[in-house]
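A short worksheet on the structure shown next.
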Amino acid sequence: MVEIILSHLIFDQAYFSKVWPYMDSEYFESGPAKNTFKLIKSHVNEYHSVPSINALNVALENSSFTETEYSGVKTLISKLADSPEDHSWLVKETEKYVQQRAMFNATSKIIEIQTNAELPPEKRNKKMPDVGAIPDIMRQALSISFDSYVGHDWMDDYEARWLSYMNKARKVPFKLRILNKITKGGAETGTLNVLMAGVNVGKSLGLCSLAADYLQLGHNVLYISMEMAEEVCAKRIDANMLDVSLDDIDDGHISYAEYKGKMEKWREKSTLGRLIVKQYPTGGADANTFRSLLNELKLKKNFVPTIIIVDYLGICKSCRIRVYSENSYTTVKAIAEELRALAVETETVLWTAAQVGKQAWDSSDVNMSDIAESAGLPATADFMLAVIETEELAAAEQQLIKQIKSRYGDKNKWNKFLMGVQKGNQKWVEIEQDSTPTEVNEVAGSQQIQAEQNRYQRNESTRAQLDALANELKF
């Protein structure tokens, strides 16, 4: 097969154009074949054209090969000939050959890495990659394909583009109308979407509410928890879907018969999606861990999600940064990029959450600079919503939602809006509000002013207490 490939690289222009972008010297065994390919590649790189047999012989004469290497290449070049072959068959067989060689090389590399890792630390080859590189090596080998698609042609593909505008194939709608309005029909597959909130404001509540809504719309949801137990997450979904409060479940106010009846009623609905909840230790899983989980779920449960929820990004680990770093910008940005890449690969909508900084915990407004983890997160995310809850909003069972970033539309339209919240049921609900965003902003503004006044009063009270304590400590 090697002689056939090298021959057609020289004599078949159509074949060369098709396979050359995927060819590499590492796919040939050391010896005449690899050396001949290197001569071809050197000529192509220098002259941007396919070499002739004469050009190869001249390059061979000018090479620094040993006598044995020279003899082997000379013999192989003399065997290269223009023999007719079916183009489709030849391309397909070449693809198989390259895939097999890539897998062989990857397996050999993995064995080297594993063997090196098993040695005592002082005897290890420090230049050898860590075992953490093994998944990337294998994934790269498995991804090799002679795919002829080279991108979207703005002029030639305008019809398909228009159809995609009309059918919104990449959009996954929300149950809540206001979210559909600001995203123009829903979040898109292959995107990273983030909820921002302070401690105990409702990051997990928002994610659970979204999960329950997506379920009712018929989508499969994978909920990955990095802190809460699987049963705790499922209990929140129970409270939402079964219309019972968390207290009712915890205090035994609902019997097993009632619980079973409600669950079976949902089972009868043919439009209901599936939910899988999986917990990992805090800081103990990364995007590669989630890839493995997705593969297992597909094989063992025939489960392929449309929505992936990671609760939450800041307590995941990076699959690229293995050494602890105090540079949170680099680490969080890496995790965000890896999760977004996972969403693109799996064609899913990925939701996660982020913590706001301490300075914004009691604030009635939040902006991009208030993200606690890293400024690298908004640089990567496609859509970010801040969840704001003042004392007044909490008393009214409402939360103020603010668009921080949006690639779905102009974030300044409906930049802020109110959402009803039922904490006992872990649910966001629509509330009646005016059809224009300005009215919502005015309502939000009055609540913000009141909240700032309350916070000022609390700060003054705290300062007075500290002054009194300081006076008592004087000698």
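Every residue gets a Cβ built from N, Cα and C, even glycine.
Of the listed segments 176-195, 236-255, 276-295, 456-475, Swiss-Prot assigns region 'Interaction with the helicase assembly factor' to 456-475. Each of the binding-site residues Ala197, Val199, Val201 was scored by how many other Cβ atoms lie within 10 Å of its Cβ, and the smallest score goes to Val199. Here the Cβ of Gly198 (ATP binding site) has 22 other Cβ atoms within 10 Å, regardless of which shown protein chain they belong to. Taking the centre of the Cβ atoms of Ala197, Gly198, Val199, Asn200, Val201, Gly202, Lys203, Ser204 as the ATP site, the nearby residues of that chain (Cβ within 8 Å, site residues left out) are Leu205, Gln355, Val387, Glu389.
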